[in-house]
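I have placed the structure first, in the form of structure tokens, so that the comments after it can refer back to it.
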Amino acid sequence: MTPQDFYRTLEEDGFSLSSKQKEQFDTYFKLLVEWNTKINLTAITEENEVYLKHFYDSIAPILQGFLANEPIKLLDIGAGAGFPSLPMKILFPNLEVTIIDSLNKRISFLTLLAQELGLENVHFFHGRAEDFGQDKAFRGQFDVVTARAVARMQVLSELTIPFLKIGGKLIALKAQAADQELEEAKNALCLLFGKVIKNHSYQLPNGDSRFITIVEKKKETPYKYPRKAGLPNKKPL
């Protein structure tokens, strides 16, 4: 998917990018490739692949109608090189985006990236989701939490749901069907008062299958969750 294909496909979906937005995606690509030589950000560095498998894939929840251009508080867990939240922010500038990542070098990259792209209302924090999930400044504060290929739902639910307001939504982007994952996550979702409200499949323009699972938070998360860093992965609920 060339940049021109990317712009045209978005226009067909009703999103006509401004010259500023096009420049932001171009700068994003160039900085991603440049910084990838210093720290491991992605295995995908060819321009057409970045536009398809990072940029287009990241904004799929918007294209599929699951997010609006409103000043909602969005948290991205384990965003790595900023996916999916920063492409979403470029497309929908009204979003207020927070990223938590466990690697400080990635936070350095994201901070520089946001400055170069001229993004406002973006916040970056270094640390573990399990620790921030017990912090009152973060717990129960977000309308949406996004996670792209971070962990299976049994683990992901404990890392994300505590951050949501009641009625807030987890938007999980997956490359594989989530049916088996959701079956394994039933107990975790029950304990965390999360309910699957959508399990959506779609295709990238090249025909690759992708999946979006949306979980809504129904009640306050019990205070014992999330457990200490590492435990959700070692001993899933």
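Even glycines carry a Cβ here, placed using N, Cα and C.
S-adenosyl-L-methionine binding, as stated in Swiss-Prot, involves Gly78, Phe83, Ala129, Glu130; the candidate among Arg139, Arg148 given for that site is Arg148.
In this view, Gly78 (S-adenosyl-L-methionine binding site) is surrounded by 22 other Cβ atoms within 10 Å of its Cβ, with every protein chain counted. In the three-state DSSP scheme, Glu130 (S-adenosyl-L-methionine binding site) falls into the helix class.
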